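Worksheet: one structure, shown below.
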Amino acid sequence: MDTALGPPEKMVERREDLTPMMAQYYDLCAQYDDSLVLFQVGDFYEAFCGAAETVARQCEVTLTKREDSTGQYAMAGLPIDNAESYVERLLEAGYRVAVADQVEDPEETTGVVERAVTRILTPGTLTEDELLDGDRNNYVGALATGDVHALAVLDVSTGDFYATSVENADGIRDELGRFDPTEAILGPNVAATQLPDGCTVSSFGEDPFEEKQAHELVESYVGSVEGLLASTAEIRACGALLSYAEYVRGGVDDRLDYLNHLTRYDPHEYMLLDAVAVRSLELFERRTVHGDESNTLAAVLDKTASAPGRRTLDDWLRRPLIEREAIVERHDAVGELRDSVSMREGIYDQLRTVYDIERLISRIARGRANARDLRSLKATLDVVPRIRQELAESSCGKLNSLRDELDTLDEVRTLIEQSVCDNPDKEITTGGIIKPSYNDDLARLRETEQDGKSWIDDLEASERERTGIDSLKVGQNSVHGYYIEVTDTNLDSVPDDYERRQTLKNAERYYTPELKEREGEILRAEQRADELEYELFCSVRTEVADESERIQAVADSLAELDVLVSFATVAAEHDYTRPVVGTAPSDSPAEGTLTVDGIHIENGRHPVVERTEESFVPNGTMLDSDDQIAVVTGPNMSGKSTYMRQVALIVILAQAGSFVPAESARLQIVDRLFTRVGASDDIAGGRSTFMMEMTELADILDHATDQSLVLLDEVGRGTSTVDGFAIAQAVTEQMHDEIGALTLFATHHHDLTGIAESLDNAHNRYFRTQQDEDGVSFEHAVERGTADASYGVEVAATAGVNQSVVDRAREVLDEQAGRAETEPSEHHGTAGRTSLNGHSGSTTTEPKQQPLHGADDEEPTDDGNGKRLNADLQQALIEADIATMTPLEAMNKLANLQQVVETNRRNTDPNPSNSS
Ligand SMILES: Nc1ncnc2c1ncn2[C@@H]1O[C@H](COP(=O)(O)OP(=O)(O)OP(=O)(O)O)[C@@H](O)[C@H]1O
């Protein structure tokens with residue numbers, strides 16, 4: 001066992017001799033032996049022995065010692081006021097942290113202070129604002145298997161709770177990809193391999209997954225599971241998850257009543273968007289080495305005003321809809337909000353003032369909220385009537401139903417308004433949180449306190465008059481209470497009824513019997529009033545918590561409205577258009593249902609790239625049952641990847657309910673979206689092997705349907721040219737003949753363009769490229785047909801390769817072109833200058849690897865007229881498979897050639913100084 005966990009070895013043999021406090025520590029470590037125990041001692045959380053060493057190392061705090069009659073123990077302390085940042089480091093290091101707080105007042109205890117674990121902090125169950133990203137859900141998941149594979153996920157900080165099940169383990173991986181939980185617990189026979197990267201597996205045993213126990217627990221939270229959950233595996237996953245959520249409460253008041261809203265969904269109700277697609281389309285995180293969140297789809301669409309809105313936006317993008325009516329409802333709402341600027345801005349202005357209502361209600365229900373939280377809830381609920389007002393003029397069904405669902409919760413708002421102070425204290429035990437007017441007893445006690453304080457306020461003046469001492473002062477301190485202070489020079493005038501309380505350097509402090517009595521009255525009234533305020537506050541908090549279901553419903557509606565307003569704002573500001581969505585004809589739709597065959601986009605734009613490029617070139621897309629596959633060619637940097645991703649993002653946006661960046665769009669509803677991007681494009685994710693590429697391809701071939709959209713970028717690039725081409729061809733044929741998915745296939749294999757010509761429902765698209773005396777430039781415009789040249793040499797010239805190599809390369813190309821005119825060419829569909837692809841038209845022969853003289857060990861020699869060198873260069877250039885090279889490989893190749901020319905020049909130049 002990790003030395004930071006369990007009872008310290010050093011204490012085991014001395015257990016019976018330990019001091020009472022250390023015995024308490026020992027017992028808590030034994031009870032929570034899977035967690036690192038942080039043990040409150042006054043203002044610090046302490047750890048001892050091995051745990052202390054871990055805390056000191058991970059949190060970079062000083063390791064000290066504690067010595068008592070039983071020995072010496074290593075000790076490390078974290079200041080309670082600042083504990084969160086340290087705890088974060090322990091969680092990142094993979095520890096669960098059990099926080100053992102003092103649960104009684106040390107001043108009221110004679111023996112050792114009672115301590116108990118009040119919460120166990122784990123990565124997926126955090127509720128502390130300081131440890132959470134306000135805009136993101138933080139999910140913990142539970143997986144169970146049975147007849148089906150079930151997944152339950154829960155965000156303890158917001159109460160978002162989902163369950164689903166699928167037939168195979170791959171499907172579970174996809175669903176996990178949608179929620180991206182930070183932590184998971186696994187039922188019997190479930191492998192951790194399904195979990196996304198970065199998800200911590202926590203051990204929790206098998207008992208909580210036991211059916212009967214799980215069933216009872218789930219029903220105690222959400223009522224009958226009949227008709228809600230679809231399998232026993234789902235019940236077991238939900239039950240285990242609830243019991244884990246209770247467990248991390250540390251066993252103190254462990255019910256979490258607000259977790260009463262469980263959503264069971266069928267994965268087939270949403271577009272299937274697996275983790276690979278989410279990553280490669282950069283929906284939430286850019287595929288940079290460290291991943292960053294700017295310039296992602298979620299970021300450019302985020303005009304939300306509130307944290308719940310931001311989280312809901314993520315959810316909608318992760319789970320685009322496939323039911324036409326639901327999609328159209330959202331589009332209707334976005335349309336109305338886009339057109340009505342005053343309604344849109346009015347709602348936005350209201351939403352900007354709201355607090356994170358989901359996290360507020362979770363804190364309130366867990367009994368962790370303070371009075372400020374209740375005021376924040378009230379301020380948030382106050383916007384509801386105003387938003388209803390803003391929506392009064394709405395004429396669309398979705399906005400109307402959202403308005404009707406917005407419960408104004410008048411009694412909750414009135415309760416908080418009447419009871420909780422307008423600017424309450426943060427502390428809840430020291431008064432200043434409940435209005436005296438809320439309770440007669442409280443009012444009386446505060447009056448007594450106030451009367452007493454007024455009497456004392458007047459005391460200074462009356463005593464000065466009585467004693468004739470002008471410098472006499474009345475004051476108070478925490479140790480001695482109220483006093484009358486007289487300087488030494490006036491001691492003669494002190495009356496007899498003054499009793500000495502404290503001697504200072506130049507003064508004496510006194511009290512009178514009446515002052516003492518008044519002071520007692522004030523203190524008693526104040527103390528009782530503070531206690532009463534705390535009691536009243538707790539009961540108000542409980543009353544509010546009892547309404548958590550209604551409050552959560554309001555939170556959901558506000559979040560939904562926030563996303564719709566955000567979509568509408570983006571649509572208005574960035575000229576998005578409303579897409580027409582229809583069911584695919586192959587779905588056998590009911591009569592009257594609008595069907596759309598394929599994806600038809602006029603002047604579409606990439607929603608993210610259009611924001612970063614100075615001038616973005618819009619492009620159209622036409623895929624349907626007659627033009628089901630498009631093979632997209634074009635040189636590096638021409639815009640192929642951007643184009644393919646743009647089509648996918650437009651489809652996702654439309655099905656999430658947003659308008660789309662295009663002049664017009666008619667879109668068939670897509671059931672699944674698959675992406676396979678080039679192997680070398682994904683190095684940051686550590687998934688650069690050909691094996692990984694093929695695993696993803698296998699997944700697509702197994703699961704794509706005739707209603708799916710498939711993006712294949714450079715499939716087969718990770719292996720030899722011949723194998724890669726063979727795989728690409730076979731995949732294209734299967735997509736065409738058997739699967740029937742709408743497919744965009746970007747490739748450098750120009751030969752694949754011939755295949756597209758030979759298949760009935762496939763066509764070619766290529767990116768136009770301009771060449772002039774300044775070099776090659778990319779127009780980023782896609783057209784039907786195939787590219788007329790590869791422009792590899794021009795790209796090299798533009799990249800700065802020196803002129804003599806570029807000129808020579810052009811010569812070689814011209815010679816090639818001359819040969820091509822006299823020999824029959826097998827290259828498919830190319831016109832004008834031929835491709836530099838050395839195996840043009842040949843699909844079966846492996847290109848020969850001719851060693852280049854001078855590049856390896858053999859020195860080039862001059863035969864007097866440079867013919868040998870020319871032949872070598874020619875051969876090398878012909879062999880170079882420019883169409884499949886990355887820009888870096890092309891540049892290396894050219895640098896290599898350049899070096900050969902340089903070496904040759906040096907060897908043949910009679911004056912070596914010329915060759916530098
Ligand atoms: N339609 C467009 N309008 C303006 N700029 C674009 C457009 N499409 C792509 N670009 C820009 O061109 C560059 C290359 O785009 P992209 O990566 O899509 O090319 P590619 O053909 O896929 O390249 P490679 O084959 O090397 O992967 C990017 O910087 C992108 O921002």
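All residue numbers here begin at 1 and follow the chain in the order shown.
In case you wondered, yes, glycine gets a Cβ from its N, Cα and C as well.
The ATP binding site annotation in TrEMBL covers G634, P635, N636, M637, S638, G639, K640, S641. Mapped onto three states, the DSSP output places G634 (ATP binding site) in coil.
Per TrEMBL, compositional bias 'Basic and acidic residues' is recorded for 815-829.
Feature annotation from TrEMBL assigns compositional bias 'Polar residues' to 832-848.
As annotated by TrEMBL, domain 'DNA mismatch repair proteins mutS family' applies to 708-724.
Look at TrEMBL and you will find 815-868 tagged as region 'Disordered'.
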If you take the centroid of the Cβ atoms of G634, P635, N636, M637, S638, G639, K640, S641, the listed ATP site, which other residues of that chain have their Cβ within 8 Å of it?
F767, F778
Run through the Cβ atoms and count how many others sit within 10 Å of the one on K640 (ATP binding site).
25
Coarse DSSP state, helix versus strand versus coil, of S641 (ATP binding site):
helix
